[in-house]
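> Can you keep this structure in mind? I'll have questions shortly.
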Amino acid sequence: MGTGNDTTVVEFTLLGLSEDTTVCAILFLVFLGIYVVTLMGNISIIVLIRRSHHLHTPMYIFLCHLAFVDIGYSSSVTPVMLMSFLRKETSLPVAGCVAQLCSVVTFGTAECFLLAAMAYDRYVAICSPLLYSTCMSPGVCIILVGMSYLGGCVNAWTFIGCLLRLSFCGPNKVNHFFCDYSPLLKLACSHDFTFEIIPAISSGSIIVATVCVIAISYIYILITILKMHSTKGRHKAFSTCTSHLTAVTLFYGTITFIYVMPKSSYSTDQNKVVSVFYTVVIPMLNPLIYSLRNKEIKGALKRELRIKIFS
């Protein structure tokens, strides 16, 4: 972290979502409940897939890693946010703030890549079923998952590399509930446009690339489904994609609001609300989205419950 002539900032104070004690008490209970559901839902998905051998397929391997990423994503933000509801001020040392930003960006980026990998998996399964075992072999799955985490780490280090070159010598109050890059950038004493544009280009490139993979995959899927003569076949093919499409729409809808829309078109409070949705709410919703409409997941869950009850 760069130094200036004035006192160097050693910690950042997060202003959180609200200063009203009553509102904070209500929000604490709400988000504590959301976090518990997030952990239980995603851990259940991971355990269920690991224990059910018939779910050891590429689609569920990706879903298992998506659940892990959602746990990491939510855990990067929610515990600190919960503390902010119990205290008037929540302070994090500079190293803690850097670590939180690194974790959020890593897991958020990995989620983008995993959603793209899942779209490609659906494309191969529906458009080229005879080549599925070759195109989605265990080796290919390992590469796609590994690239997802590697992409997350590279993007995170882009943010951290720029952040560590900034000087913080004045105000230290971050108008957010976690150490996000944009609010931190506003507090920097040194104003270099390069440190603003590099993370934006990095994130923007990843969003565009993964959206293109998802869009192209679903265009081919739609064309293939429309060519099917059987109504039952169409319904079955489309039903395998609805959960993923729902998750993609929710995640990329909020990400687009934050990173694509002009910052002058929305306020800091709106930014906070949208950030809550994609860092806290979506990780809770994903297990529900992927399990409620999935017969294999529900079937595996029923079998596990029967084993527990009768054992």
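Each Cβ is built from the backbone N, Cα and C atoms, and glycine gets one as well.
According to Swiss-Prot, the record shows the following:
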- ASN5: N-linked glycosylation site (CARBOHYD)
- 1-25: topological domain 'Extracellular' (TOPO_DOM)
- 47-54: topological domain 'Cytoplasmic' (TOPO_DOM)
- 76-99: topological domain 'Extracellular' (TOPO_DOM)
- 121-139: topological domain 'Cytoplasmic' (TOPO_DOM)
- 161-196: topological domain 'Extracellular' (TOPO_DOM)
- 218-237: topological domain 'Cytoplasmic' (TOPO_DOM)
- 259-271: topological domain 'Extracellular' (TOPO_DOM)
- 293-311: topological domain 'Cytoplasmic' (TOPO_DOM)
- 26-46: transmembrane segment (TRANSMEM)
- 55-75: transmembrane segment (TRANSMEM)
- 100-120: transmembrane segment (TRANSMEM)
- 140-160: transmembrane segment (TRANSMEM)
- 197-217: transmembrane segment (TRANSMEM)
- 238-258: transmembrane segment (TRANSMEM)
- 272-292: transmembrane segment (TRANSMEM)
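Burial and contacts for the listed features, if you can.
DSSP labels the residues of the topological domain 'Cytoplasmic' (47-54) in these numbers: 7 helix, 0 strand, 1 coil.
Summarised as a single figure, the pLDDT of the topological domain 'Extracellular' (76-99) averages 91.
In the topological domain 'Cytoplasmic' (121-139), helix, strand and coil residues by DSSP number 16 helix, 0 strand, 3 coil.
Long-range neighbours of the topological domain 'Cytoplasmic' (218-237) within the same chain, counting only residues 6 or more positions beyond its ends whose Cβ lies under 8 Å from a Cβ of the stretch, are 119, 122-123, 126-127, 245.
Same-chain neighbours of the transmembrane segment (100-120): 59, 62-63, 65-66, 69-70, 72-73, 76-77, 80, 92, 144-145, 147-149, 151-153, 155-157, 159-160, 163, 178-181, 184, 203, 206-207, 209-210, 213-214, 217-218, 244, 247-248, 251-252, 255, 278-279, counting only residues six or more beyond its ends whose CB sits under 8 Å from a CB of the stretch.
Listed by sequence, the residues of this chain that lie at least six past the ends of the transmembrane segment (140-160) yet keep a Cβ under 8 A from its Cβ atoms are 58, 61-62, 65, 98, 101-103, 105-110, 112-114, 117, 120, 181, 198-199, 202-203, 206.
Tertiary neighbourhood of the transmembrane segment (197-217): same-chain residues 109, 112-113, 115-116, 119-120, 122-123, 151, 155, 158-159, 162, 181, 248, 252, 255-256, 259-260, selected by CB-CB distance under 8 Å and a gap of 6+ residues from either end.
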> With pairs restricted to those 6 or more apart in sequence, evaluate whether the transmembrane segment (26-46) and the transmembrane segment (238-258) have 3+ C-beta pairs under 8 Å.
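Stretch pair does not touch.
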> Write out how many residues of the topological domain 'Extracellular' (161-196) are helix, how many strand and how many coil, based on DSSP.
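Secondary-structure breakdown of the topological domain 'Extracellular' (161-196): 14 helix, 3 strand, 19 coil.
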> Take the topological domain 'Extracellular' (76-99) and count its residues per DSSP category (helix H/G/I, strand E/B, coil), listing them in that order.
17 helix, 4 strand, 3 coil
